[in-house]
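Each remark here refers to the structure printed beneath this line.
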Ligand SMILES: Nc1ncnc2c1ncn2[C@@H]1O[C@H](COP(=O)(O)OP(=O)(O)O)[C@@H](O)[C@H]1O
Ligand SMILES: [Mg+2]
């Protein structure tokens, strides 16, 4: 036990004396969560619009007022002719132009006739599609309020309710993803780098010649990162609750247990990477390419898995991060318990055992 | 017999694929001896040493170190030996004292013993002024002497030194050999590899390895007589020419 604490103490000294690892450990999580929370967002706010009103009647005036009153848009300018539309977009400030056809108000009284055109700047497709959706919903609510439309006898009204994230806040989506990336980064990449550093320096050999057992060496290397990963997970959850108001609807205890499981998965991956890499550089590249890329691209963190081509969907099943993200979303946003997540948990646990077994085997072979 | 020899090696062999790095070597090292393990770069010295210290499995052959079998008792061997690798291997980002404390700790030395040892060691090496400096900032000669002292920290019966004076200036090399003598005087067995032939003169007995095989083994004096050479370097040249 005393040997172990000495080992862990030394490991912390390595970490705290290295600016780079300090930055990855403590700078990255905060920077990422802030970045995803504040900057990268699907929500729109005060998007500049231009209006080309060829009708200029009471109806269009009311609609324009309604749009101007919403917090999502601000009306930047009024245009007089179609020829002004292109130049306005070229200037770049205006993201969408609203075009009311002549006699809009009159035509509206006959159902299905009045046309309003939303022209958007699709150089930013996210903003463009969000803008047109928002405008459509403002128009819809205007119609419902005024009931000026002659309603047909039968009408199917689709009422969309966004469950679990009613305001479609993107930070809700990103928190589970960021948490996954950070835990991977700290647990897998940092451990693989720190183990290969010992190999590269030649100190691993000295450790293996000492009475310490190989398993003790690995545990000693890994322990500080377990601790730091848990700290990071706590920081991320606290930040998302108190800074971004993301709810934790399910059990915090379950979230903690699942996080620890995923930390162990990542550590096993980190050890595995260290057994196949001879240098810190290689370990870093393998971690980034082999772990980070799949986490970012294939885990459902940024791109929804259901809209991927089938081969990629199949590959995503073997990315451990995918299962962890499902679990975290389930607990934080849906508030479901273990009864709904046991399958994902089992898969993750199975993968973890597999990686531990594989790295133990590789580690032995290396010593021969 | 077991009590007289620190190391016995018989037909020890290591192959990497089809390449035989160590080819059926046999020798004995007596207790308290300074045994020089000589050979050019790539002769197989490090590979042979790694099999003896239990971090590389022999392909065939037998060996005992401190009375323990390298095939089956490597854990017991590890408790009884010290090792200084060919590559400088202390932690550059830890201070002199922290390195000593860490390595003392993994060998299970008590805190009190570590304190005594590091005080004595820092005094002996004249490192008082730099005890709190990071090891990375020390000149190579000091680092090597420190690494040797760290390998000796737990008073092992046998110490394996792999090219301990590689790249070190002549004055430091002399001081290093004085440390080796001192350790031998205290009863430690020293197994030293080198490719500096002049250092062979300091050893009680030397073996000369060429392409994985031991081609000569005797005291430096007998070897020079046998090969009718003035220096060990000449002995080596004659051997290498075949
Ligand atoms: N792990 C290995 N795999 C393949 N060849 C190796 C390995 N380790 C050493 N060798 C080869 O074995 C030979 C002896 O190497 P080594 O024992 O390091 O020589 P020395 O220490 O005498 O300079 C060299 O040709 C080296 O390339
Ligand atoms: Mg060598």
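Backbone N, Cα and C atoms are what each Cβ position is placed from, and that goes for glycine too.
TrEMBL does not curate its annotations; it predicts them automatically.
Under 8 Å from some Cβ of the transmembrane segment (A:21-40) lie the Cβ atoms of residues 14-15, 170-171, 174-175, 177-178, 181-182, 185-186, 189-190, 193-194, 228, 232, 235-236, 239-240, 243-244, all in the same chain and six or more residues away from its ends. According to TrEMBL, the transmembrane segment annotation covers A:21-40 (among others).
Annotation comment: TrEMBL describes A:116-366 as domain 'ABC transmembrane type-2'.
Annotation comment: TrEMBL describes A:171-195 (among others) as transmembrane segment. Packing against the transmembrane segment (A:171-195) from elsewhere in the chain are residues 11, 14-15, 21, 24-25, 28-29, 32-33, 36-37, 40-41, 164-165, 204, 218, 221-222, 225-226, 228-229, 232-233, 236-237, 240, 244, 246, 259, 262-263, 266-267, 269-271, 273-274, 277, 280, 283-284, 286-288, 291-292, 295-296, 299-302, 321, 324-325, 328-329, 332-333: each is 6 or more residues past its ends and has a CB under 8 Å from a CB in it.
Marked as transmembrane segment by TrEMBL: A:222-246 (among others).
Long-range contacts of the transmembrane segment (A:252-273) within its own chain (CB-CB distance under 8 A, at least 6 residues past either end) are made by residues 179-180, 183-184, 186-192, 195, 218, 222, 225-226, 229-230, 233, 237, 283, 286-287, 290-291, 320, 324, 327-328, 331-332, 337-338, 341, 345, 348-349, 351-352, 355-356, 358-359, 362-363. TrEMBL lists A:252-273 (among others) with the feature transmembrane segment.
According to TrEMBL, the transmembrane segment annotation covers A:285-305 (among others).
Taken from TrEMBL, the feature transmembrane segment covers A:340-360 (among others).
Non-local neighbours of the transmembrane segment (A:285-305) in the same chain are 174, 176-177, 180-181, 184-185, 188-189, 192-193, 266, 269-270, 273, 276-277, 312-313, 315-316, 319, 321-322, 324-326; each lies 6+ residues outside the stretch with a CB under 8 Å from one of its CB atoms. With a threshold of 8 Å between CB atoms, the same-chain residues lying at least 6 positions outside the transmembrane segment (A:222-246) that come near it are 4, 8, 11-12, 15, 25, 29-30, 33, 37, 169, 171-172, 175, 178-179, 182-183, 186-187, 190-191, 194, 252, 255-256, 259-260, 263-264, 266-267, 270-271, 332-333.
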